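Take a look at the structure below.
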Amino acid sequence: MSSQAFRTGFVAIVGRPNVGKSTLTNALIGSKISIVSRKAQTTRHRIHGVLTREHEQFVFVDTPGFQTRHGGAMNRMMNRVVTQALADVDVVVHVVEAGKWSEGDAKLLPLLPKAERTILAISKIDALKSRDELFPFVAKIMAQHAYGAVVPVSATKNHQLDQLLEEIAQRLPEGEPMFEEDTLTDRSMRFIAAELVREKIFRLVGDELPYGCTVVIEQWEETDAHARIAACVVVERDSHRPILLGAGGQHMKRIATEARQDIAKLLDKPVHLEVYIKVRKGWSDREGALRDLGYE
């Protein structure tokens, strides 16, 4: 029996929008618990993903991108989620896209904890034309904030993810595991299903449809043999409905089909998925409406 102490703790994955936080979280855990698209603001909730190894349990908190535009209830809510996560965790991984430092990255620096608890992860390094660009880019960031470690990674190529996990593990406190060994997330299947529908919407019509769109699971009936799910897509304007439907309803059919396939894979059983649309004007700019729709 190993005498090595078990370590467990919460790890926040933070950064400005669209730097690859959810892709990195999914790659570290080895399962899709956070939705991914090329659009900013895809992640709106804190999502806990769990990875258990022989001597460690990592509880990852995938946060929304930190917003530098102010004034909207949705942006205020997402920034509260980020700042709360930073206060509640044991280790912070600050994700910065390789070669693309911006004001949004800099705005997070004053919120980061002490250097020994913070790791700089340079994401998407496979997109760099030359690795010679990496050192001056990292030096520029380190001149503005001290980090306990710097790890260049590529989540899509599985590059240096083990090294990042080792750096995180060194900083976790000793303690008993918080979740069963086979747990992947503390989010419900209903929540993950709604997120998967929202992912398909962002991927298919994200360029045309503004961010006033969310998904609520209104029916969930599950047996050992199959599941029947009804998902309501809530939009802010009547003009959003035809964008979602597409010509002859083709967009909605594709969204439902692709989401159903992912949910069936997750549940490991056949799924009947019904997706329909409701208009709720101005919901994304009213904090009461955000709470009603399940936002923190």
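Cβ atoms here come from the backbone N, Cα and C positions, even for glycine.
Just so it is clear, the model here is predicted, and its values are computed rather than measured.
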Range annotated as region 'G4' - as stated in Swiss-Prot, picked from 7-10, 123-126, 183-186, 283-286: 123-126
Range annotated as region 'G3' - as stated in Swiss-Prot, picked from 54-57, 62-65, 174-177: 62-65
Average pLDDT across the region 'G3' (62-65), rounded to a whole number: 63
Structural state of Thr63 (GTP binding site), classified by DSSP into three states: coil
